[in-house]
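Data block below; observations after.
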Amino acid sequence: MSLMQFSGLLVVWLLSTLFIATLTWFEFRRVRFNFNVFFSLLFLLTFFFGFPLTSVLVFRFDVGVAPPEILLQALLSAACFYGVYYVTYKTRLRKRVVDVPRKPLFTMNRVETHLTWVILMGIALVSVAIFFMHNGFLLFRLHSYSQIFSSEVSGVALKRFFYFFIPAMLVVYFLRQDSKAWLFFLVSTVAFGLLTYMIVGGTRANIIIAFAIFLFIGIIRGWISLWMLAAAGVLGIVGMFWLALKRYGLNVSGDEAFYTFLYLTRDTFSPWENLALLLQNYHNIEFQGLAPIVRDFYVFIPTWLWPGRPSIVLNSANYFTWEVLNNHSGLAISPTLIGSLVVMGGALFIPLGAIVVGLIIKWFDWLYELGNREPNRYKAAILHSFCFGAIFNMIVLAREGLDSFVSRVVFFLVVFGASLLVAKLLFWLFDSAGLIHKRTTSLPQAQVEGKL
């Protein structure tokens, strides 16, 4: 890449970043937090944060990358995607009606709410315990990270249930919403994330999600400022780099350490070059249509229920890894959201996918506002827990693609909804058995005397 080509890419990158960052800043000033703000920051991180890292790798370490015209296509496709997404998100198809009384779909009381978070926590802890009994601490047993996906590890499906510890702790926080509950959320979820990191053998997702939710709650409540958020972001990047070194068993120093930091940070937070690789091999891609979305559900079907279930699931990530990169190491490499759309239907699917994503984020914001307006604090805690708990799925959406997001959000919805139903059933059983007693609040003495 010549300096002239780099200068052109830099101008496009600066304009695109400024465009998205400006819209995000105005939205932040208006509402302080909603899921449009979160997705916009996540989109910036995924598709634009990596460009400076790539530039340093190219000019400092002479690392080979896709041709400049392909990198330009990747930057422009990301900017155009966000433009279509933003217009879709802001467009109202019907007039907004405020304060119209509607019959609630469901309601919650104190006992049902506490039962719900206990059930969610139980699902996570029992899954971790069973996985540990089968495999022990994989971080200290395995020699490479790819072995996690080998036949040496049993009960891999249980990992999908670990995450429900976070929405359980979110319910606990939203019932109190004070600084002590906020700090308790951080300590409990990060401790659980470190435990699963050691047991699973290097999975950092639970730690990243817990820390991100903690920061956004702090921003919403005004407990942390923007400069504190930036400092925490730098700390998070360094922390993720250290965990990655431990995961891959790397011992580096000097220039090698700087090089390793650059490419691991890029691959962890901003795999934008994967989109460029897909565009570079565009003519070799056999468009998969909507099949990757259907195939991604296969992993949730147990083999005893479907004996002939394919052992290899050809979703967009695996198609990119196996067919485009010809990589059969056992790891699935993230194609990114736009990359998954390219795999499914080429360039035509990019604006269509942007419209779908805009509607998805709009729905989450509607649910979040519903929780903000809800007078029943127990129901509000459940709604907010569901919305913030789905942050993991939004990260999957940006990094892994639309197919992975759809299967995971449906799975999350089913497990969360089942926990609610079980909590309501248990409450009905306890109430029928006479085990539920209403709390009686005694009036202060002076107030009682005034009524006599």
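The backbone N, Cα and C atoms fix where each Cβ goes, glycine too.
Features of the protein shown, as given by Swiss-Prot:
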type     : residues : note
TRANSMEM : 6-26     : transmembrane segment
TRANSMEM : 37-57    : transmembrane segment
TRANSMEM : 63-83    : transmembrane segment
TRANSMEM : 118-138  : transmembrane segment
TRANSMEM : 155-175  : transmembrane segment
TRANSMEM : 181-201  : transmembrane segment
TRANSMEM : 207-227  : transmembrane segment
TRANSMEM : 228-248  : transmembrane segment
TRANSMEM : 341-361  : transmembrane segment
TRANSMEM : 378-398  : transmembrane segment
TRANSMEM : 410-430  : transmembrane segment
Okay, the transmembrane segment (207-227) and the transmembrane segment (410-430): do they have at least three CB pairs under 8 Å, pairs separated by 6 or more?
no
Touch test for the transmembrane segment (181-201) and the transmembrane segment (6-26), at least 3 Cβ pairs under 8 Å:
no
If I count Cβ-Cβ pairs under 8 A between the transmembrane segment (341-361) and each of 6-26, 37-57, 63-83, 228-248, 378-398, which range comes out on top?
63-83
Beyond the flanks of the transmembrane segment (207-227) by at least 6 residues, Cβ under 8 Å:
32-33, 38, 163, 166, 170, 173, 177, 179, 182, 185-186, 189-190, 192-194, 197, 233, 236, 239-240, 243, 388, 391-392, 395
So, do the transmembrane segment (155-175) and the transmembrane segment (378-398) meet, by the test of 3 or more Cβ pairs under 8 Å (sequence gap 6 or more)?
yes
Range from 37-57, 118-138, 228-248 with most C-beta pairs under 8 A to the transmembrane segment (378-398):
37-57
When counting Cβ pairs under 8 Å to the transmembrane segment (37-57), the leader among 6-26, 118-138, 228-248:
6-26
Same chain only, please: residues at least 6 beyond the ends of the transmembrane segment (118-138) with a C-beta under 8 Å from a C-beta of the stretch. Say none if there are none.
148, 153-155, 158-159, 161-165, 167-169, 171, 192, 195-196, 198-202, 415-416, 419, 422-423
